[in-house]
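Inspection log for the structure reproduced underneath, given as structure tokens.
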Amino acid sequence: MQETLLSRIEDPCDLRRFRESELTQIAQELRDYIIEIISQKEGHLGASLGVIELTIALHYVFDTPDDLLVWDVGHQAYGHKILTGRREAFKTNRDYGGLSGFPKIDESNYDTFGVGHSSTAISAALGMAIASKLSNSSKKHIAVVGDASIASGMAFEALNHAGVSNVDLLVILNDNAIGIDPSVGALKEYLTTTKSGKETGQDNIFEALKFDYSGPIDGHDMNGLLRELKRQKTLNGPRLLHIRTVKGKGLKQAEIDQVRYHAPGKFDKITGDLTPSDTSMLPPKFQDVFGHTLVELAEANEKIIGITPAMPTGSSMKIMMQAFPDRAFDVGIAEQHAVTLAAGMATQGLIPFCNVYSTFLQRAYDQVIHDVALQKLPVIFCLDRAGLVGKDGPTHHGVFDLAYLNCIPDLIIAAPMDAMELRSMMFTASLGLDLPIAIRYPRGRCNSINWRSTLGKISIGTSRTLSRGKHVAVLTLGPIGVTVQKLIQENQLSVTHIDVRFLKPLDKNMLQSVFESHEHIVTIEDGSLIGGLGSTIKNYAFSNPSIGDESKKAYSVKIHSLGIPDTFISHGPTEQLYKEVSIDEASILNLLSKLLNQ
Ligand SMILES: Cc1ncc(C[n+]2csc(CCOP(=O)(O)OP(=O)(O)O)c2C)c(N)n1
Ligand SMILES: CC(=O)[C@@H](O)[C@H](O)COP(=O)(O)O
Ligand SMILES: [Mg+2]
């Protein structure tokens with residue numbers, strides 16, 4: 001087989017030894033390599049294919065890793081990883097123990113900043129640029145940020161600061177007019193026509209923010225990019241280079257169906273066709289149960305509204321957006337705004353279902369407290385991707401929500417065990433509550449094919465007892481309860497099993513009776529042990545030392561808590577991660593069998 005140019009590149013120094021005229025061939029080979037690996041292994045695709053020329057040109061022109069390059073989100077950084085010493089290792093992308101799917105500060109010197117959540121790159125690069133200035137260093141600092149990510153509040157905060165900072169900062173706006181779903185909002189329209197003030201005589205928005213604006217230029221024209229980056233390298237101060245690219249460039253289907261090919265799953269590396277899979281007999285994804293149920297509820301109640309910050313496809317809010325275009329809003333990557341927007345709607349009697357991935361709600365924590373809970377506004381948060389999400393890893397695991405929400409007064413926290421319970425919780429919330437509620441559910445499929453149950457009301461703060469035994473009681477929160485049910489049935493375990501359903505308010509009647517009649521309580525959750533179900537139950541035992549008669553003390557009951565320990569969990573298949581934190585079937589069975597035999 002003919003040796004590729006790419007195979008001679010171990011790091012950017014090797015790249016810089018090639019002639020400029022050879023870089024287009026390297027771009028082709030880099031695309032082919034990414035397509036070959038991702039077609040088998042899955043992962044993000046379109047974003048990396050769109051910045052191949054930019055990635056090569058950046059490493060060719062700038063002196064990375066001395067010059068500091070920060071990728072926003074990082075889902076477009078596969079080319080960067082391959083050119084910076086990780087070509088072979090890229091075959092392990094997103095595997096357990098393999099490369100991370102995002103730049104990661106301890107993975108390589110070239111990964112100057114860990115990313116995964118969007119719109120952080122300008123702040124981080126500005127911080128680095130200020131540090132360089134203070135130490136009289138002549139490093140260059142470059143942030144590459146997409147058109148959807150630059151519309152986020154955090155990116156604007158950084159631009160506002162950087163514009164008056166007088167440091168060496170080049171922001172490259174990679175404008176492909178799409179996020180995961182098509183970009184939204186006024187800025188998107190603006191970017192399609194924006195020109196430099198040198199042409200129009202009027203500042204454009206970036207110039208108004210005191211950036212030296214250049215562009216827009218074609219981000220696939222290697223020679224043009226090289227020329228412009230070399231020029232940028234000679235400049236100083238805050239600059240913004242606007243480039244236009246095509247997401248999915250180089251793979252026809254990925255260019256045509258950019259939403260699907262953002263992260264397409266397996267596909268044919270030659271034709272680009274998606275690998276067919278028959279999902280008709282599989283249970284639905286939780287996100288689709290959410291989407292269809294929301295439409296069902298919205299048909300019956302015109303006050304119901306849907307809100308998503310930039311995840312209409314991932315959350316299945318698009319089902320509501322198609323059914324009720326006037327009552328469903330994609331607000332872009334703007335989690336803080338999404339939450340306060342919902343709060344505003346709630347003040348006017350609307351019933352907003354604000355769907356945010358658990359991990360991304362971290363960004364809107366203050367809004368949940370200050371704008372929603374403090375005012376007891378009945379916003380309904382649906383937190384998708386709660387728990388361990390798998391291959392996206394620690395930036396995306398939704399394991400902190402139970403803990404970070406648990407300490408907020410006047411907020412109901414619910415976790416359905418299955419699709420029917422999710423529907424019932426959504427239905428209950430839609431009937432009108434006095435308080436806000438967060439309903440959290442995981443990535444992936446639920447386990448019931450027949451999920452379109454009639455909608456039933458659940459009494460807030462009540463649990464469900466699913467089986468009764470002596471000595472050992474298992475309290476589960478969320479779909480992990482299905483695993484416990486299966487273990488109980490398959491192994492005929494004589495244990496009490498409670499589907500807790502609400503972390504807040506707790507079902508105190510249930511707890512009292514469980515503490516009175518068992519010697520061991522096992523709590524299982526797919527969230528952080530600190531602050532979640534386990535610590536809440538321990539806290540309950542401490543706060544209620546005497547339950548029932550004198551002979552029975554709550555603290556004499558042994559509490560065993562399974563969940564996410566006090567450490568960041570890496571990326572990998574969820575089954576592997578469940579094993580790592582001992583909430584897989586074998587570990588749970590092991591513990592229950594041990595306790596039953598005591
Ligand atoms: C805070 C946050 N919200 C949502 C996401 C999910 N997300 C990942 S990539 C992406 C779209 C990014 O679009 P853009 O910046 O235009 O980059 P492109 O994919 O077009 O390269 C979104 C919404 C995220 N990573 N972080
Ligand atoms: C990079 C990013 O944040 C998203 O693309 C994320 O990976 C989507 O996750 P899901 O695949 O769970 O929708
Ligand atoms: Mg984009």
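The backbone N, Cα and C atoms fix where each Cβ goes, glycine too.
TrEMBL labels come from automatic prediction, so no person has curated them.
What TrEMBL records for the thiamine diphosphate site is G116, H117, S118, A148, S149, N176, E335, and among H75, H80, H292, H370 the residue it adds there is H75. Within its own chain, G116 (thiamine diphosphate binding site) has V73, G74, F102, D392, G393, P394, T395, H396 as residues 6 or more apart in sequence whose C-beta sits under 8 angstroms from its own. Residue pairs drawn from H75, G116, H117, S118, A148, S149, N176, E335, the listed thiamine diphosphate binders, are separated by up to 22 Å at the Cα level. Cβ environment of H117 (thiamine diphosphate binding site): V73, T359, F360, Q362, R363, T395 lie under 8 Å away, each six or more residues apart in the same chain. With every protein chain in view, the residue among the binding-site residues D147, E335 whose Cβ has the most Cβ partners within 10 Å turns out to be E335. Around S118 (thiamine diphosphate binding site), the same-chain residues six or more apart in sequence whose CB sits under 8 Å from its CB are D72, V73, G146, A148, S149, S152, I333, listed in sequence order. Screening the binding-site residues S118, A148, S149 for a C-beta under 6 A from any atom of ligand 2 leaves none.
Across the structure, H75 (thiamine diphosphate binding site) and D147 (Mg(2+) binding site) place their CA atoms 14 angstrom apart.
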